[in-house]
């Protein structure tokens, strides 16, 4: 198969591993910078171009779209969909998962476990917003934050109000969530591929940090999921419409609580901690599933 990865940095561990896995299976996997692609939007022969030539003849694309370029990245994926090229994760699904508020609303509608979450624009009702989230301590998150950046634990009502006012003063949108104390600064990252959990790890926050992101100095170890956790991860990926997803959960007193669903999960931490060749499982899924013209959206979403 001839495959194309949409990614800004070909040297990232995850991207190198996907190339290795593809080549080991006899496939060709090119990596081109998403931001350097451009489009010919026409009715009869839509094109994506790169350095003056048309990108054609690909059996499938593997989008690895960074959060900072979501809008343009989705447009490029959508253009390939209009050309009938199969996408590992489709543009509409990527958009759902990147919009934190929308993803929480969709997961909530599906009846999946979530931390109690409040969202408001006006700061005049901050006390009620904090009460909705169960009262202090609360976790305050930037809607656009990634890798633990823009996430604050406010342990008192006064500090919570100060943080909310500061964020709103900067004209950024935030979520206020209940603090899940029983999680103990740890979360679970699962990788779902084609409707199956292929790997799972526990991430423990660094000493004194409630955030468990490995980018923030956390540690990782292999973990055995409960049947409910496994089912929750699979259902979350399905709600988003993602063929490949990183689903982050907390272990609450009443079951798993979804924190985030990621459309471009990193592979380094989870492959190292579990020993699972996640990259190979992703390429195996592409190999078995990619069919030209099979894209569900065809660029309509």
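Including glycine, each Cβ sits where the backbone N, Cα and C put it.
Residues or ranges marked as ATP binding site in Swiss-Prot (evidence: sequence analysis): 141, 178, 179, 187, 211, 212, 213. Among the features that Swiss-Prot reports, Mn(2+) 1 binding site is placed at 248, 260, with the record citing sequence analysis. For 248, 260, the entry in Swiss-Prot reads Mg(2+) 1 binding site. Taken from Swiss-Prot, the feature Mg(2+) 2 binding site covers 260, 262, and the record attributes it to sequence analysis. Per Swiss-Prot, the feature Mn(2+) 2 binding site maps to 260, 262. As annotated by Swiss-Prot, domain 'ATP-grasp' applies to 104-287, with the evidence given as sequence analysis.
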Out of the binding-site residues listed (141, 178, 179, 187), which are within 10 Å of residue 260 (Mn(2+) 1 binding site), Cα to Cα?
none
Within 10 Å of the Cβ of residue 260 (Mn(2+) 1 binding site), how many other Cβ atoms can be counted across all chains shown?
19
Take the C-alpha atoms of residue 141 (ATP binding site) and residue 248 (Mn(2+) 1 binding site) and report the distance between them in angstrom, rounded.
15
Expressed to the nearest Å, what is the distance separating residue 178 (ATP binding site) and residue 248 (Mn(2+) 1 binding site) at their Cα atoms?
16
How many whole Å apart are the CA atoms of residue 179 (ATP binding site) and residue 248 (Mn(2+) 1 binding site)?
15
What is the number of other Cβ atoms found within 10 Å of the Cβ of residue 178 (ATP binding site)?
19
Pop the Cα-Cα gap between residue 248 (Mn(2+) 1 binding site) and residue 262 (Mg(2+) 2 binding site) into the table, whole Å please.
8
Sparsest-packed among the binding-site residues, when each Cβ's other Cβ atoms within 10 Å are tallied, from 141, 179, 187, 248, 262:
179
Secondary structure at residue 248 (Mn(2+) 1 binding site) (DSSP, helix/strand/coil)?
strand
